[in-house]
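S.K.: These came from TrEMBL, pasted as-is:
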TRANSMEM  24-46  transmembrane segment
TRANSMEM  207-226  transmembrane segment
TRANSMEM  232-256  transmembrane segment
TRANSMEM  283-304  transmembrane segment
TRANSMEM  342-360  transmembrane segment
TRANSMEM  380-397  transmembrane segment
TRANSMEM  533-554  transmembrane segment
TRANSMEM  560-578  transmembrane segment
COMPBIAS  623-642  compositional bias 'Basic and acidic residues'
REGION    623-650  region 'Disordered'
């Protein structure tokens with residue numbers, strides 16, 4: 001990182017002592033950016049985009065339910081009409097919908113009433129217009145001109161109801177939209193199968209809800225008890241890796257020997273011998289490669305075996321953290337709620353922008369479209385950047401809050417006397433001191449995400465058109481950006497932890513965290529491999545238990561025949577819930593490890609510098625020391641003292 005300086009490398013860690021405002025310029029930049037997002041929303045509302053989206057507009061630029069006499073459009077004689085009494089949008093061909101452009105490819109009219117019954121003939125269409133004044137044909141036509149006129153809907157006109165809030169006449173019978181589901185129906189192959197599947201979902205809705213609740217409860221239980229089964233899961237992982245690597249290598253050598261024996265025994269055609277010889281060489285290369293890989297892997301497992309115990313100890317302490325800070329369980333829900341509210345706002349403003357701008361007549365179709373021209377068209381790109389940056393900001397705020405709460409727990413000597421509402425206090429500290437750091441960290445992720453999204457979009461648009469070399473280069477660039485993003489996310493998370501501990505700005509925290517992780521690189525590697533496997537096994541266990549209970553429950557349901565889809569829905573929800581809870585668990589493990597590394601760096605377990613860490617982590621250090629001794633940073637060998645109760649750190 002370019003923001004690191006040589007003097008910063010010697011800065012002392014002072015857990016929770018320094019609490020000051022960090023990265024104020026970035027907070028100002030982020031605030032100005034949010035003001036820009038609000039101005040875009042205000043522009044869309046002020047230019048009529050919001051009213052046109054809600055009230056609807058016809059193909060001639062008239063907003064339904066409004067007086068448009070002062071909004072005459074040049075070259076469009078039917079524009080500028082008073083539509084105060086005509087509050088609903090009626091489409092002459094409601095089933096002609098373009099999924100790609102998300103628009104109806106049909107003439108739209110403002111009408112005073114949607115057809116409440118099916119109009120089977122032109123005569124009924126005419127009577128409907130004369131009886132209630134709701135004309136379903138183009139404005140310049142009189143009811144006498146309705147017969148076989150292309151500017152009228154072709155009978156039968158389906159019964160329609162007005163959509164609440166958005167004032168569009170949508171057919172009651174959605175069978176005309178069957179073409180949208182044609183691909184799915186073709187895949188299913190038989191409408192009766194589709195009906196049975198849908199009937200199975202509807203009939204089993206109570207069971208699906210029950211399985212979702214079960215998945216939620218299992219995830220809560222797993223978050224607390226995984227510390228007790230982590231050692232068993234690590235043993236399973238070790239056995240599987242050894243069996244897989246050694247067994248795979250032995251099989252390759254056996255295949256090579258068998259191939260060699262068959263080649264010397266058989267004397268068939270020259271071509272067969274050449275092919276068999278190539279296979280023999282390939283098997284030899286694979287066998288040698290697998291042998292080298294297995295030897296290296298087993299050596300790594302042997303030399304890193306001591307670090308595995310640290311992962312298990314961290315899992316034990318993480319379970320204690322959740323027991324002491326139960327409000328941590330609620331934080332993902334608040335984050336999800338915040339993301340959902342922002343996404344709803346973002347989509348609403350995007351739709352407003354889609355109906356904003358100046359009215360322009362499409363010469364090919366003769367209808368009026370609203371388009372933003374000039375610099376205003378770049379507002380959509382600004383809005384897109386806002387989607388990524390603010391979403392990342394909300395996620396980073398959660399990470400900073402978790403880091404603050406967990407570091408407070410870790411650096412409190414008397415764990416039975418924690419400050420009240422630690423998680424709430426951490427959120428307040430983040431809001432008060434570290435919003436600029438959160439803004440800067442989330443912006444760095446945004447800078448990597450935007451080009452990756454652009455390259456992915458280009459690759460999608462050029463699919464089937466670009467040559468193999470260009471396709472390979474695009475995929476390689478996307479893959480590299482994805483890997484860079486994952487590395488930055490991990491580094492950012494540790495930087496937030498360093499900020500929560502030390503109260504430093506983002507750049508300083510990144511440098512401090514990076515150097516500390518580099519000093520403990522072997523332990524970081526083990527925690528991220530073994531820990532990820534243990535958490536993955538936890539997710540599999542939750543989904544498997546949900547699926548097992550689901551099979552038992554659905555097997556005794558006799559009201560339908562197809563229960564595969566309900567089971568899949570339940571398992572998908574179970575995985576999402578398990579991933580949510582265990583990802584939170586993983587974040588806490590990462591924070592605890594950095595706190596552990598800081599504690600180990602600052603203290604030596606002596607009476608003058610006792611550890612903050614829990615007994616499980618102290619036992620790991622004791623096991624790693626010779627004869628219960630620990631070599632302090634100054635080089636002296638001192639007897640480690642257990643953590644004593646006391647007050648909290650400042």
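Glycine is treated like the rest: Cβ placed from N, Cα and C.
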S.K.: Which range out of 207-226, 232-256, 283-304 gives the transmembrane segment (533-554) the most CB pairs under 8 Å?
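M.R.: Answer is 207-226, with the largest number of Cβ pairs below 8 Å.
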S.K.: Does the transmembrane segment (232-256) make contact with the transmembrane segment (283-304) through 3 or more Cβ pairs under 8 Å, each pair 6 or more apart in sequence?
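M.R.: As far as Cβ distances go (cut-off 8 Å, pairs 6 or more apart), the transmembrane segment (232-256) and the transmembrane segment (283-304) touch.
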S.K.: Hey, which bits of the same chain come close to the transmembrane segment (283-304), Cβ under 8 Å, at least six residues off its ends?
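M.R.: The answer is 238, 241-242, 245-246, 248-249, 252-253, 255-256, 259, 522, 525-526.
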